[in-house]
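Everything on this sheet refers to the single structure shown next.
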Amino acid sequence: MEQYIMKGGNPLVGEVNISGAKNAALGILAASVMTDEDVVIENLPDVRDINVMLEAIEEIGARVDRIDRHTVRINASGIGEVSVDDEYIRRIRASYYFIGALLGKYKSAQVPLPGGCNIGSRPIDLHLKGFRALGADITVERGAVIAHAIDLVGAHLYMDKVSVGATINVMMAATLAEGLTIIENAAKEPHVVDVANFLNSMGANIKGAGTDVIRIRGVARLHGTEYSIIPDQIEAGTFMCAAAITRGDVMVRNVIPKHLEAISAKLIEIGCEVIEFDDAVRVVGKPVQHHTNINTLPYPGFPTDMQPQITVTLALARGTSIVTESIFENRFKYVDELARMGGNIKVEGNVAVIDGVKNFSGAAVNAPDLRAGAALVIAGLAADGYTVVDEIGYIQRGYECFEEKLRGLGAMIEKVDSEKEAMKFRLRVG
Ligand code: EPZ
């Protein structure tokens, strides 16, 4: 089983380049099958979730040509299948975007229901409610969503909850519906805007993405396009916290600073220096960092996907901090792992009370999910001694070249898959 082994204590210093946004790319890849013309997508992150999504697109009959590590050409004219294999939804939840894309284009889709995951039950009732509002007949049989529509007709719908996935999925289906669709209480995340911009580059007519009311005027068809994915807000935030927790000085390049405002504001609150440039953010950690309170919210609030990373940073700050997880019901599983490193956090329901400690000591810990895994790695880089993080497959789903990028900042970290390799690392770094 591959693991990360690291020796903590080095402040991270230098520059790191951020990859394309995984959660924008997943929606955009699904939407790329909504035309029969060539679609070229650039700045794709080379991470497992994206590669699984590309396999799923090929499996239903589209042609996928890898132009280079971060660029792909897709042509969906050969799609003969509107049923997505269970294998893909079990490996990545975002396969559910095929419902909106295939229903929009073919008025038919069959996609297995995504399971829950380690951070919560993750229902898709809002997605299905949106498709029904557009006139689709939706049934759930043998663990799969079966969607059919004679015609999709624009509707005025209100999302009971702010949902990134439901907003993107319904927006996709509505691009080829007849007439006007209005989505109220829509999600405003940067990746929702990126998917809307991508669809508009294919000839869709979407207005208001990034606000809580999105208007989609249906068009007859979508054409090919060339498009570059926005930088990953959460990867950038993860490296910003890595700079803070290790008391380093890191220039995070290829970002959109506006997308990082909630994260920058909190790092400034705890005492870090954060300097914004056109497409970069510099974070300088301070020897003494202070407590603050965090409440995760839909964008532009503090992102839930940054909750583990800011929590471990606060666990090494002075004073008591309170972190409230308002989006998912089970996103503090990593707290028990952090306790093995000396973290002092008490979780009651969706609230974590963090009593800052002076230092962590290295330990063997398990990554319970993607973002918590990344948080345990940056905690290990700030710890005294050696830390081993297991189950790193979660981390590789969403972070491209994670250990290489960290080593580029002076981290002593390696990916190992045997005790012998771990021993060699210990001997080498001493
Ligand atoms: C997306 O998940 C992201 N995943 C998640 O990132 C992210 O945490 C989440 O948005 C919130 O920002 C992708 O984009 C692939 P939601 P999604 O629908 O769309 C409830 C990562 O680390 N809900 O915005 O599934 C839901 O249970 C991942 O990259 C319903 O009740 O999230 C949650 O409590 C983790 N019914 C809340 O809404 C629905 O039909 C927000 O979920 C849909 C959602």
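Every residue gets a Cβ built from N, Cα and C, even glycine.
The UDP-N-acetyl-alpha-D-glucosamine site recorded in TrEMBL includes Arg93, Arg122, Pro123, Ile124, Asp125, Leu126, Lys161, Val162, Ser163, Val164, Ile327, and the single candidate from Asp65, Asp68, Asp305, Asp355 that the record places there is Asp305.
Within 10 Å of its Cβ, the residue among the binding-site residues Asp125, Asp305 with the fewest other Cβ atoms is Asp125. Considering only the residues assigned to UDP-N-acetyl-alpha-D-glucosamine binding, Arg93, Arg122, Pro123, Ile124, Asp125, Leu126, Lys161, Val162, Ser163, Val164, Asp305, Ile327, the longest pairwise Cα distance works out to 21 Å.
Reduced to three states, the DSSP call for Pro123 (UDP-N-acetyl-alpha-D-glucosamine binding site) is coil. Mean pLDDT for the domain 'Enolpyruvate transferase' (7-406) in this predicted model: 96.
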